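Undergrad: Got a structure for you, questions after.
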Amino acid sequence: MWRVLFLLSGLGGLRMDSNFDSLPVQITVPEKIRSIIKEGIESQASYKIVIEGKPYTVNLMQKNFLPHNFRVYSYSGTGIMKPLDQDFQNFCHYQGYIEGYPKSVVMVSTCTGLRGVLQFENVSYGIEPLESSVGFEHVIYQVKHKKADVSLYNEKDIESRDLSFKLQSVEPQQDFAKYIEMHVIVEKQLYNHMGSDTTVVAQKVFQLIGLTNAIFVSFNITIILSSLELWIDENKIATTGEANELLHTFLRWKTSYLVLRPHDVAFLLVYREKSNYVGATFQGKMCDANYAGGVVLHPRTISLESLAVILAQLLSLSMGITYDDINKCQCSGAVCIMNPEAIHFSGVKIFSNCSFEDFAHFISKQKSQCLHNQPRLDPFFKQQAVCGNAKLEAGEECDCGTEQDCALIGETCCDIATCRFKAGSNCAEGPCCENCLFMSKERMCRPSFEECDLPEYCNGSSASCPENHYVQTGHPCGLNQWICIDGVCMSGDKQCTDTFGKEVEFGPSECYSHLNSKTDVSGNCGISDSGYTQCEADNLQCGKLICKYVGKFLLQIPRATIIYANISGHLCIAVEFASDHADSQKMWIKDGTSCGSNKVCRNQRCVSSSYLGYDCTTDKCNDRGVCNNKKHCHCSASYLPPDCSVQSDLWPGGSIDSGNFPPVAIPARLPERRYIENIYHSKPMRWPFFLFIPFFIIFCVLIAIMVKVNFQRKKWRTEDYSSDEQPESESEPKG
């Protein structure tokens, strides 16, 4: 089993102003010239659209890719997932072509005007309704990359070109409809990048899936967007780090949290300001529930059209379709889908003969069975809870599907007629549900997978495991030699093992001083347009990854050059990958690697670790725990949160976020219990206090009255005494 990472050649240096032409936006008014309606739904339509002064006829046919029970999900402020109260129509998405251009592709929605993409063979145009227009005006603009500097031409021009090859018939032997049910997650930064509006973001995801569907027409595959999840307030997992690390983190999260949302494959879409890699997935594992997933990294400068190509390539790789060898693989278009350069080209893209052969091999195997089930694509106009559709909706406590579905999975907790829990049940499924009851709060539901990760426990009142937490970034790890970064110990030894395999360890300082002072394949601090960058003295530990080899045989890494150097008795090794190699980023030290006291590597420079924002002092958790990524103390075993100052022998450790909080009081240790209850504001100890307050107030008032009365009596006595003495005083002679 192996995973595939995408390298986007040169994308890290792309700038919108230097790589994309500034193209004029045109105003057009689409004219509907034909419409066919079946059962109240417009199944076909034709529009006349003017592009650059020339009218084109666009023929459309309805293309459903949203199931009847499609929902968009987000999380509440308490971290509970909930469906958004929005209706999204599934009958207004269309696919078609431009008349006179048989190799053209059109993918638009007509829910609110025409919104989508028109692709000629090598030029693409975007179209969307003009806001606040009263005359059905639309804007249309060319999506053009400088690298695809070609002009629009029609079919007769295509026929006149000298095609040096002809495609053989390599269609899959079983030409039946196939379906890929996909759950898509948009993380917070990409949500903000796409407009920070649920309707706008959903429309863009619909357009992305529509474009991807157009690519897979030749395979007779429909990509079904089974559900959409938006991380609006915060990400549920750390989305930093390299693509392969993020893939593993996502798949672990997916296993715990996506059990209630049926899907064949799940994809996490992540925004990156710039990135060399654009995604990761496991090859040929489309129908393997443990590995059917991928991550798509969306660099700032690419278009939605290019993002669809990336998604299509990832889906293809997960079906065992490999990258094209441009010397052996051919297609009738300007560029083939599985050409790594395809994302740089506008226009229609199709699969090569090699891709057809790979797909035919995949579909002939048992491992492709998940593509054979057809979801319901009935039109829907308003979302309503439907008991028996295997989807948990508003007003339902459970929904295991039809009677046959529930019997198949052995459902015993859910009343299939009412979609309510049976008497005596409080859950039906989930990592913290057992025999229809919530597991007790001391039950671990997600163990830590390494020292910078933290375990989570069932909270005793939910079937779900709490969200994943990890040690705060910046905390020491690896015997205080390294630092935790987003839940992973950024160990030099681990980086060496990941790059070279066994029998390696992190290189000594002599190796770094000698090799990274060079400016060649053996040592450097990165690559720029002018060549290798020389490391300054302070940055030697942050340049090329240099390891110490203790093995006996020469290392073998495909498509890589391994450099050996004997320095001060150490066999130091470095590696040089081709620029388009999936592991090319492993040539250098990762960001977050320690490079000195209170210093870490960042972009091949050794900088202060203060930028990590680590502020967990030993006093905060009384030296009996660590801070988690929410900056709360995760206490060691037998010490209680929130500050790990109180001891309880039966407490397994944890934080206020780990699920097993608050702790159960231990009757044998009454003083400790009182202290704990004061910490957590437990109600049983507070009601006597509130009962005492009115009596205390009354007592104070009575005391005040008594004092005042006593004072008044003294005052009266003083006045009486003064009045008795006054005449005598006045009779004194005035001298």
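Glycine too: its Cβ is placed from the backbone N, Cα and C atoms.
When I checked Swiss-Prot for this same protein, it listed these features:
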- 384-473: domain 'Disintegrin' (DOMAIN)
- 612-645: domain 'EGF-like' (DOMAIN)
- N122: N-linked glycosylation site (CARBOHYD)
- N220: N-linked glycosylation site (CARBOHYD)
- N353: N-linked glycosylation site (CARBOHYD)
- N459: N-linked glycosylation site (CARBOHYD)
- N566: N-linked glycosylation site (CARBOHYD)
- 175-686: topological domain 'Extracellular' (TOPO_DOM)
- 708-735: topological domain 'Cytoplasmic' (TOPO_DOM)
- 687-707: transmembrane segment (TRANSMEM)
Undergrad: Would you kindly list the residues that approach the domain 'EGF-like' (612-645) from elsewhere in its chain, counting only those six or more residues past its ends and only Cβ-Cβ distances under 8 Å?
TA: 238, 454, 469-475, 483, 485-487, 592, 600, 651-658, 661, 663, 676, 679
Undergrad: Round to the nearest Å and give the CA-to-CA distance linking N122 (N-linked glycosylation site) with N353 (N-linked glycosylation site).
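TA: Rounded to the nearest whole number, the Cα-Cα distance is 20 Å.
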Undergrad: Quick check for the class: what is the C-alpha distance, in angstrom and rounded, between N459 (N-linked glycosylation site) and N566 (N-linked glycosylation site)?
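TA: If we compare the Cα positions of N459 (N-linked glycosylation site) and N566 (N-linked glycosylation site), the gap is 56 Å.
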Undergrad: Helix, strand, coil: count each for the residues of the domain 'EGF-like' (612-645), based on DSSP.
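TA: Here the numbers are 1 helix, 9 strand, 24 coil.
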Undergrad: Look up N566 (N-linked glycosylation site) in the DSSP assignment and report helix, strand or coil.
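TA: N566 (N-linked glycosylation site) sits in a strand per DSSP.
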Undergrad: With H, G and I counted as helix, E and B as strand and the rest as coil, say where DSSP puts N353 (N-linked glycosylation site).
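TA: The three-state answer is helix.
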Undergrad: List the Cα distance (Å, whole number) between N220 (N-linked glycosylation site) and N353 (N-linked glycosylation site).
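TA: N220 (N-linked glycosylation site) to N353 (N-linked glycosylation site), Cα-Cα distance: 16 Å.
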Undergrad: Taking only the Cα atoms, work out how far N353 (N-linked glycosylation site) lies from N566 (N-linked glycosylation site), in Å, as a whole number.
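TA: Between the Cα atoms of N353 (N-linked glycosylation site) and N566 (N-linked glycosylation site), the distance comes to 48 Å.
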Undergrad: Around N122 (N-linked glycosylation site), how many other CB atoms lie within 10 A of its CB?
TA: 22
Undergrad: Run through the Cβ atoms and count how many others sit within 10 Å of the one on N353 (N-linked glycosylation site).
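TA: Step by step: centre on the Cβ of N353 (N-linked glycosylation site), count other Cβ atoms within 10 Å, giving 20.
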Undergrad: Please report the number of other Cβ atoms within 10 Å of the Cβ of N220 (N-linked glycosylation site).
TA: 15
Undergrad: Across the whole of the topological domain 'Cytoplasmic' (708-735), what does the mean pLDDT come to? Round it, please.
TA: 43
Undergrad: Let me know the most crowded of the glycosylation sites, choosing from N459, N566 and counting other Cβ atoms within 10 Å.
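TA: The most densely surrounded of these glycosylation sites is N459.
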